[in-house]
């Protein structure tokens, strides 16, 4: 019950936050969230939610998805709200990719935006050819992101910690500078991206829903929601599999993992490629939705945004990722009211969260291989 | 390529290398004592330079016009102020996070860097525009063919190298240095030896930040221009240099700094009309180096006991 | 004595200028319990690290069940049936007891992407089986612990962690178990209890050999069949505990070291 | 030195100020409120341009609200595009889908404008560019919603090439940043210089935030050109000029519109800046009666950052937008139609006439030279009169 209440409440809260326009409304909503959290801890409500989640996870997941779809449909006519929902969802998907890399396996990746951008650029180039069906372009975006990460495999596998960080930072800078200095991919001016098309349906058109004129972003919001659910399920299955267990072992102690037959190299390679694949796919859809991309959108600071989603949410925690993606994407937007002061405020806010919740907003729980099923022990 | 051109590249490489090394040394010191990367280092450097600039404005205002006196004042204020800021950051943001995952420190300091940068941009008078940093050093120069050797560059390089040398002495020859090395080696043992752990960490951050402020002032004196974004790129390069050289090792940082400067200069010399590719070149070499030497050119002693 | 299970032939390991293992040779018979003793820095743990493939030896040969495993990587060593514990417990503290022990069973668990992510039937079966084995194993050490298999290891006291480390090593049914200072961080009584448990486990299965590195001489005396004493990387004595304890060179080495 | 609190109080002071100066306007609340948008980079590297534009637009709104004859009460909705296309699309969508907003002026960064024009077109929001100079923004589409008051970089470079070659300079070295801005200038300037019979002896791409240009300038020195051009924004321009001096390069320093800012002198000091040439669209603000008025009012409003080079355009664009609302009512379609017919419309930057792509064709380009720490219109300068001399052609 408590779990269902939280899911429904979160849906309403999301709606209110998207609709909030005035400063006092945004501040009020943030204060409300803070107070509700404190109250939930004080009254033991949190524990009840956790218990519900442990007992009925699949049902609650389905409910959450239904609430998300409901939210999207309620806002079907509101372009901007749908754009924001889709952006949150796509950043969330990207953060799951990163989470496989450093939430599970401990591989730091400070070039997330580069792989995200690789997907978007793939969508731009392939979309312009009109030879490949757009649905396949999404996958192609992932594959290209994976392919450009191949040269990094050797240094990534051999280095650890900060040394690995430098490899990815260097790659991120290199990627962006490369896009800027040559004209092949539009140079600094960027490229147009064709919209998503399914057979018989161009996402450029606004769907007609029971006679109501809706926003064309409805297409993207629904598709992003579907993709998010799919990647979420994959992410959960990965976590709850031997591969996920091995990734944890590699993150927590490479030497011990190797002594128990786990191939550290293969595990890292798998995590790096799989993560970049997901980053690329989400980037491709993002590119199609935004319809115009340029190197300036895939900089080091954009990579940092992705990293901060993972850390704010809690390493390896997908639900934390949802909350963090909402904060990281929506908050600067809501802070537009503060104009030039908003980044200062945003960075201070992130520092405070990390100081007081170093494990992230919703820390990851212990592994439960098959939720909803009592494993015979 | 004629001699003048080569000499010019060489002089430029040495100056850049000294500057990068000074920044990288900070990263490596912090990593040594606390195993953390303080990413706001570059922005602290920028803040230090602005403190120095403000000090100069103040000195001008009260009528001190002798450039050497001004320089002394600028350096004093900047180094002391930045050292204090470095220690404060260590005390309130980094030490409390000692038990948290390393990545958190990285992100917090990155965000702190953003906050410092934005604060200077917004609150320093007209901070979003570049400022003219005064040329306080003599501007004489010796012409050797087409190569102009400038007195200020020589002074900057010599004093920068001297500072690195002095730092090396402090680390290797003084009680404080001994304490820093002890803490770097093993915190627990250092504590049981009666070393005031917190004090040593704060001192290290103060020293590292002060050295960075020196690099910032050097930057200002050489380019005669400072701006709120100068720390970002210097920090990134300093960090890369420290890593490529090998963390936790003074010589590694110096080597990395000069290596990076060398790469940039060579990159733009070899790619004469495509010098925009020089960063692509420098960072590609960094990636290759990491693949070849995954723990840096001068690797740290493996602390991973099995 | 039949063919040895394990054999070190003139193994040398150098780190820079330091020779951690110097021309070290030894054999281990099936089902034997061998004690490896010596002062700090005498090369005991290094021999484990060379054996388990963490370091390659600088010279010499390591044979296991008649096969040359010199310089094999840790994974191949594990698959050959050699497992170990670590001096400083190396468990995944944020994971549950189950998870930690199941990490030890890698060899039997499916690794394919398909069976892990898509069709999870096999995974489910393996999970049930491995969990049952893990639980049974833990139950032989402590029935109480076996009831809390979902607790994170970080929440447990040292002795329980040590037990779980040993369970992680044993779950794959190895041929050779390497124990690196199992008594570290534990009381005298706890150590004895632990040794009893190990012997009990060994009595159940067939053909488990053990090499134990230990400072606690009581443990060595009680459970080992034979001892090897190392000093500065060299073997200085070999025999039963009583024999080596009486050896004058051994006494010098210890006294000299202290 | 100003204090921080002052700045944060600014917004409050303004609103209080405007309403106080306008006791009549209290009654004017009877007027309907009309919301107008502004988009520009308010954070990050080029934020000084964005803030100057924002302040100028705000000034246009304030001045009109103070006018008792205006039909509506105007409110400015200012949004930050961070100079990133994806953020630009986001904020453009926000504005364009907000029914209360009837028109906007937007964008300093060309890549952002390129990404957002589709959004404005799709939602039918009239948008007037106030700073971005890439020709394709207006010429790359047929959207009636998109107009631009400032000239494109084509006009600017055509004038630059003719002025410089007219002064007898033959060899040019171009250092440009690798943003669309710098690269575009490089392309067009090279084209017009070559057509004018001069030659570009070297072109060097640099990153926008590059600190050290010694490597590039060392090669420039070897090439020994008459003129060193920097195509980029003020910070880079300051550094290049500074480091030219360090290396002892004797050549005329020429910039593009991006360095025509007060910050150029603040960053460089008057002496080194002396004799720098640059070009900017529009008539010099201080020469037109409206321009002088703008500068006076800007000063009076007490903004804490200068209007910068494109502030007058932001003001002119906003003023034009308000004129459109006054003339045809707060209706997007009507405003688009009005904009389509703008001819010889008086503005502080000179008359505005839109061609069929919405581009202001009265592309008056003014040449400036740095003289005694100020930008002086070339024709009025002591350099043009011969009292001072630029570095002579070789």
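Counting begins at 1 with the first residue displayed.
Each residue, glycine too, has its Cβ placed from N, Cα and C.
Among the ranges B:6-32, B:114-140, the one that TrEMBL lists as transmembrane segment is B:6-32.
Residues 15, 18-19, 22-23, 25-27, 29-30, 32-34, 38, 41-42, 44-46, 48-49, 51-53, 74-75, 78-87, 89-91, 94-95, 133, 135-137, 152-153, 156, 159-160, 163, 167, 170, 176, 179-180, 183, 190, 230-231, 234, 238 of the same chain lie 6+ residues outside the transmembrane segment (B:199-222) yet bring a C-beta within less than 8 angstroms of a C-beta in it.
The stretches the transmembrane segment (B:254-274) and the transmembrane segment (B:6-32) meet in space: the count of Cβ pairs below 8 angstroms, excluding pairs fewer than 6 apart in sequence, reaches at least three. Here the transmembrane segment (B:6-32) has long-range neighbours at 38, 41-42, 45, 144-149, 153, 156-157, 160-161, 163-164, 167, 180-181, 184, 204-205, 207-209, 211-212, 214-215, 218-219, 222, 234-235, 237-239, 241-243, 245, 247-250, 252-254, 256-262, 264-265, 269, meaning same-chain residues at least 6 beyond its ends whose C-beta is under 8 angstroms from one of its own. For the transmembrane segment (B:280-298), the list of distant contacts is 240, 243-247, 249, 251-252, 255-256, 259-260, 263-264, 267, 270-271: same-chain residues at least six beyond its ends, Cβ to Cβ under 8 Å.
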